[in-house]
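Following: one structure in structure tokens, then a few remarks.
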């Protein structure tokens, strides 16, 4: 039996869909469906059962799943970088993850979890080393703290964390303001033909802030590779290894539609000092672990994503 936490979320639902494509339907989907619109992410997927995240963790603690799970893909978390309720974030992200880690180690269950590139904060290098980890918000701190906790454990089975960079693609629509710029730029072009980007900051020209934008399909492939290689444990960056600008994303959306232009807006004061103007995954450790898959560029993946978006109709749109 396979567990995917955050199964109705962005990366989790893409994982479930790909597991289905591999012939695996024996999946327990774990999530919090307070936002009922997230059910659309699972509506075309095959699962064996659904459990609320609180019920699942109670059953884990009660021993209901002892020696019954093959792998846990732990994608569930509060992923808002603007959430500052530290007590909530620690309980939801850090403590929950610790419980699943200890269960996995005690029950010979592979544990593959979502970390985040946000742990690097304002660092200019993105290598899986403690001295480069400088979280700028409580979400990033919760992810950083769990990575640190994992590093201190004497592991008996596979534990692999993936530091996701800027993931974009199908099934992210429920994230609202936290959805990718590709999603928002597409909506903006459809609404009034204008992509709105931040003006320059931190020495970058308008729209030239750089991020490692990685397609969700490629992120799923790394997760599945780890599952298929249970001897691989560690914390790994998960991005393309090549930063691209926000202008690149906007231009890919404009090129797809054959219309539109870019408009630059003032950089918000509230984000100053808490914003990553540059991220680029160093993939040295992931490659050394044996992963050989390629990652799509913005120019390759954005048209695929927009093709998918054209086929969708979301509640409220």
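Using the three backbone atoms N, Cα and C, a Cβ is placed for every residue, glycine included.
Going by Swiss-Prot, these are the annotated features:
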BINDING   10-11, 31-32, 38, 53, 75-79, 92, 143, 167, 175  NADP(+) binding site
ACT_SITE  139  active site, proton acceptor
BINDING   166, 177, 184, 198, 199, 200, 201, 211, 275  substrate binding site
ACT_SITE  175  active site, proton acceptor
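All features noted in Swiss-Prot, drawn onto the structure.
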residue: 10; record: NADP(+) binding site; DSSP class: helix
residue: 31; record: NADP(+) binding site; DSSP class: strand
residue: 38; record: NADP(+) binding site; DSSP class: helix
residue: 75; record: NADP(+) binding site; DSSP class: coil
residue: 139; record: active site, proton acceptor; DSSP class: helix
residue: 166; record: substrate binding site; DSSP class: strand
residue: 175; record: NADP(+) binding site; DSSP class: helix
residue: 201; record: substrate binding site; DSSP class: coil
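Take the Cα of residue 77 (NADP(+) binding site) and measure to each of the binding-site residues 166, 184, 199, 201, 275: the nearest one is 166. Cβ-based crowding with a 10 Å cutoff singles out 143 as the top-ranked of the binding-site residues 143, 175, 184. Recorded residues residue 139 (active site, proton acceptor) and residue 79 (NADP(+) binding site) have their alpha carbons 7 Å apart, per Cα-Cα distance. Within 10 Å of the C-beta atom of residue 139 (active site, proton acceptor) sit 24 other C-beta atoms, taking all shown protein chains into account. Residue 199 (substrate binding site) and residue 175 (NADP(+) binding site) have their C-alpha atoms 24 Å apart, to the nearest angstrom. The separation of residue 184 (substrate binding site) from residue 79 (NADP(+) binding site), Cα to Cα, is 18 Å. The C-beta environment of residue 201 (substrate binding site), restricted to residues of the same chain at least 6 apart in sequence and closer than 8 Å, consists of 209, 267, 272, 275, 277. Neighbour counts of Cβ atoms within 10 Å were compared for the binding-site residues 38, 75, 79, 166, and the top value is held by 75.
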